[in-house]
Amino acid sequence: MHRPSPRIDLVPWCSRLLAYAGMLALVGLLPWISQEKAELMVLRSRYAELAPTEANLESVAKELHLDQGPLHLLGHWLAGLVRGDLGLSWVSGTPVAGSAWSAFLVSLTLMGFAMVVAFIVVLVILAPQLRALCTGTTRKAALTVPTLLTAFPSFLIAVILVLVFSIWLKIFPPLGFSSWSHAVLPSIALGLPAGGVIARLLSDSLQHAMREPWVRSWFDAGAPRPRLVSAVLRRALAPVVHQIALVIVAVTGGAVPVEEIFAIPGIGRLTLGASKAQDIPVLQAGVLLLFGFAALVGIAAQGIHRLLLGAAAKSNVPVAAPEAPRRSRDLLLPLVSIIPVILCVLLGIGRNPYSLDHPRLAPPSLALPLGSDAAGRDVLARLAHGAAFTLSFAIAVTVLCLIIALVASVMPRWSAGLVDVTNATSPVLAGLLVAGIAGPSMMSAAIAVALASWAPLAAHARDLLREAKLQPYIAMLPILGESKASTFVRFLLPEIAGPLLRHSFLRLPGKALALASLGFLGMGPQQPTPEWGAMLAEGLPYVEQAPWIALAPTFALILLSMSAQGFAALPPANTRRGNTKGQKQKGLTRLLQKAKR
């Protein structure tokens, strides 16, 4: 008997088509969006000898195709895009395509080196767990090293590496990207945090997979160790393959500060310079290349995810992984990490962060416990007030991202396009766009980080929901009369809430670091507002003379990250009493009784 071929779901593809078309239109309309500044900027850069009269501005607008409305501008830009013509730079007047492509290849090369470093970091961190798997035991993941790696922002690691290995030891060159030696320091700066994130995600997933019953069955049956390790790794990789893809995209698109510090002619540095100079054609080219690369990585990740799940996704075999009980010592790391930050806030919140009465670059003393900055302001006061400022926005951004992720996960087919577009947007790139429209401020930075950061949570929630829906008892609920809304609220949401909340807390330091990164690049709050990223930027020129200026916000961010990720790693509180299964069984019993009646 002939079986009908499976129907192709067109909704996700339509969603992606609309999202990418909308993003393409937005990029193409950037000159029109900024047209109040475009004519004057181009007039000053290309025709400096002409006065900014109305006639001259109209002539420039006609040259830029801004005089016939947005549709004509978009059509002209799309026609050039089809021909491979990305226009001329508004600043230099040279073709954009060649320089943008060369810069993009440099960024791809840097990303490749950074991922090699990240792969080495992951192997080192996961080695104890893999060794335990070969002996038939389970081992709790070591959280300290990945926590420290993800706590350090890439630009801070880059500055430290330049100071130690380029200026003091003179081992590696500090600037450029023309030889293998130039790639060492920036690759380490980008690869260490990326490796920490991947290792943290893989460690949790690997620990979960190692506790599944089939692993013990295979081990007792004498399965070959290479085959067992391969099967467990395949099971552990499936839930996090999208997150690894996002790390790859983030390393490529979010390396702007590192490229700026090392003077690497990559696409991030090129786009940052174009945004500052309002060189819209170059900015358009950079955004297009980054989005195209992210789309390809997303497609590859989707294919790998389906390949890893494969037959397991079709078998409907229930997976029951016991949770580890919470121990008192698990609270040690997060509590010890957060106490110094709280003490600094309590000691400094009553001090004036704007007063200029202190000596410049004064070292720490009883009067100034953390010294003073280059303007003579109290570093402790600015650190305490900056904590409330930075952390409040980071928490708000995290909550907003979690809400958006839950909404997107409920309708994954319709939100697939938005997720793909968001994956292509690094916080720095979003910050450049938002700051160009609304101006640099903390609100602009928070909006940019939120717009660029909800997709990882949405991808994780989508994968968790997909696996949860494969459980047999979930498939029984519609037969027993349970509505879709009730199924989601009573069964699916509790099933995914724990991992998703832990992932959100894992991302909280990333939000704070993203805000600090935008402040470091000058796209956050302006002086004299105390903000941790701006404090880092102010203190870096004085690292050798007055290191306490940069070390204070640095250690604050590190301690915050260790605390948040320590809390995120705690097992659910109800696993101490082992009542999670009991609650689920009671709910199913009530449903069965309802069906009998």
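Even glycines carry a Cβ here, placed using N, Cα and C.
Copied from TrEMBL, the annotated features are:
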| type | residues | note |
| --- | --- | --- |
| TRANSMEM | 12-33 | transmembrane segment |
| TRANSMEM | 100-127 | transmembrane segment |
| TRANSMEM | 148-171 | transmembrane segment |
| TRANSMEM | 183-202 | transmembrane segment |
| TRANSMEM | 244-268 | transmembrane segment |
| TRANSMEM | 280-301 | transmembrane segment |
| TRANSMEM | 331-350 | transmembrane segment |
| TRANSMEM | 387-408 | transmembrane segment |
| TRANSMEM | 428-453 | transmembrane segment |
| TRANSMEM | 546-570 | transmembrane segment |
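Long-range neighbours of the transmembrane segment (100-127) within the same chain, counting only residues 6 or more positions beyond its ends whose Cβ lies under 8 Å from a Cβ of the stretch, are 86, 142, 145-146, 149, 177, 183, 186-188, 190-192, 194-196, 198-199, 202-203, 206, 247-248, 251-252, 255, 259, 264-270, 282, 285-286, 289, 293.
The transmembrane segment (244-268) is not in contact with the transmembrane segment (12-33), judged by fewer than 3 CB-CB distances under 8 Å for residue pairs 6 or more apart in sequence.
The list of residues near the transmembrane segment (148-171) in space but at least 6 beyond its ends in sequence, with Cβ under 8 angstroms from a Cβ of it, reads 121, 185-186, 188-190, 192-193, 195-197, 199-200, 254-255, 257-258, 261-262, 509-510, 513, 516-517, 520, 536, 540, 543-544, 550, 554, 557-562, 565.
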